[in-house]
Amino acid sequence: MPTVDDILEQVGESGWFQKQAFLILCLLSAAFAPICVGIVFLGFTPDHHCQSPGVAELSQRCGWSPAEELNYTVPGLGPAGEAFLGQCRRYEVDWNQSALSCVDPLASLATNRSHLPLGPCQDGWVYDTPGSSIVTEFNLVCADSWKLDLFQSCLNAGFLFGSLGVGYFADRFGRKLCLLGTVLVNAVSGVLMAFSPNYMSMLLFRLLQGLVSKGNWMAGYTLITEFVGSGSRRTVAIMYQMAFTVGLVALTGLAYALPHWRWLQLAVSLPTFLFLLYYWCVPESPRWLLSQKRNTEAIKIMDHIAQKNGKLPPADLKMLSLEEDVTEKLSPSFADLFRTPRLRKRTFILMYLWFTDSVLYQGLILHMGATSGNLYLDFLYSALVEIPGAFIALITIDRVGRIYPMAMSNLLAGAACLVMIFISPDLHWLNIIIMCVGRMGITIAIQMICLVNAELYPTFVRNLGVMVCSSLCDIGGIITPFIVFRLREVWQALPLILFAVLGLLAAGVTLLLPETKGVALPETMKDAENLGRKAKPKENTIYLKVQTSEPSGT
């Protein structure tokens, strides 16, 4: 009986239907980018200092310049690493004293300014920015700076818990229903976040968005990879992820045009309501329908694909089914990912790779945001470098395979982080170049692990397998903001050292996975178990006997 891949070879693996579905679903990938890394602009922290109403009043009376007013409000920045005093402390002075002069009011209070008492910024901060961010609106600086880390960690926590539920939902009730449900919740929560009256409500809507947005992205990814044959799967998988890069570039332009975070949030959220139109544009996955014994519906969709591609349905289409496996369970469960020793080993390796790739990818972005000279240009450069990374992945996957390029890309990312440790912060241009090299390497690794992860699991548990393994990427995303911002306070190079170790180790364990180049998607547990397994010597012997016996009988 023919499989889905057999039928696709006859009706078209990458025909008009697949191209149309690909372009439509790529919009989901592009829309996911502002959610995933939007913190760079939504949570931008500009230069700031304490606000002092007393100094402002005296400045107005004395006609001071802004620089003079700042000089009498906060202590100087001093050596590197002591900027905290200027941003989070101010002079505790009674500015209503009549003895204060306009020339040097602090001189009459102390001969040395270091003897003046310092206090917290009780009256807020003054931010040096023409726009606004969640940092400037909710004062997420100084003692509350960790709340910005929590904002991004909360999103990744939503990714983590949502991945398991959405993945199970997609395998149990279908890819299409999962896609539409997550689109609706994601759009509504994104708009509500733009109208958040306080930090806690904003955090709640961000968590809700995290619970569904990654599942929405993965549902689209799974659909497009299941619509095409094995010959086109590698291309559409990487191009789908390249659409994420297009979303990053578009985000840069939107952030530059809309410097106020609420307008930016609305601009990236409102258009996602249009994805509900996919109800009429995208069919259910025939592979999933077959795994649920809904053969009639799967045959109908395959017939639709044939018509869209201008092909006649093959004569054996009505015999379409999955290969029989008496041990197969149609209802996916977490235990299926660990049922055999081979699957168990692969699952653990994939989990570590997802964790490492997430920490390095988000870590490099946040590190760039914390050390950037021009935030918009630096973000744009680091986003554009993902495009050649995608083409490198396409070329190497076609000619070399998945495993060796993925190992080399992790090695490149880890080595880049190691090199950045020894580059002076004053050489900003060199830091950006090395960071872009590392960003390209980790981008290639992420593109490939998405492809490899989907290729190592059978159909009935594929979506759950991708979701569970990629949940380690969310754990990495939860801790990455704290790694970047909190460890930098201990030692600026400490996050980069950790990134380098993780990347170099990931390069080694990648080599333990089987190659999947040119191999059809496994449809049963037996297919998945046999990936990378060589033929037994006994089978080879029988084959040789058959070949040698034929000539003697003629």
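Cβ atoms are placed via backbone N, Cα and C, with glycine included.
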* Do Lys176 and Asp527 come out on the same side of the membrane in Swiss-Prot's annotation? -> yes
* Select, from Asn71, Asn112, the one residue given the annotation N-linked glycosylation site by Swiss-Prot. => Asn71
* Structure fact -> From Thr73, Thr296, Thr524, Thr541, the annotation phosphothreonine in Swiss-Prot is attached to Thr541
* **Intrachain residues whose Cβ lies under 8 Å of the topological domain 'Extracellular' (257-262), provided they are six or more past its termini** => 41-42, 129-134, 137, 194-195
* Asked: Can at least 3 Cβ pairs under 8 A be found between the transmembrane segment (432-452) and the transmembrane segment (22-42), with each pair 6 or more apart in sequence?
  -> no
* Asked: If you count the other Cβ atoms within 10 Å of each Cβ, which of the recorded positions Asn71, Ser333 comes out on top?
  -> Asn71
* Asked: Looking at 22-42, 150-170, 177-197, 236-256, 377-397, which one has the highest count of Cβ pairs under 8 angstroms to the transmembrane segment (263-283)?
  -> 177-197
* Interface check, the transmembrane segment (403-423) with the transmembrane segment (236-256), three or more C-beta pairs under 8 A -> no
* Asked: For Asn71 (N-linked glycosylation site) and Ser333 (phosphoserine), what Cα-Cα distance in Å is obtained after rounding to a whole number?
  -> 64
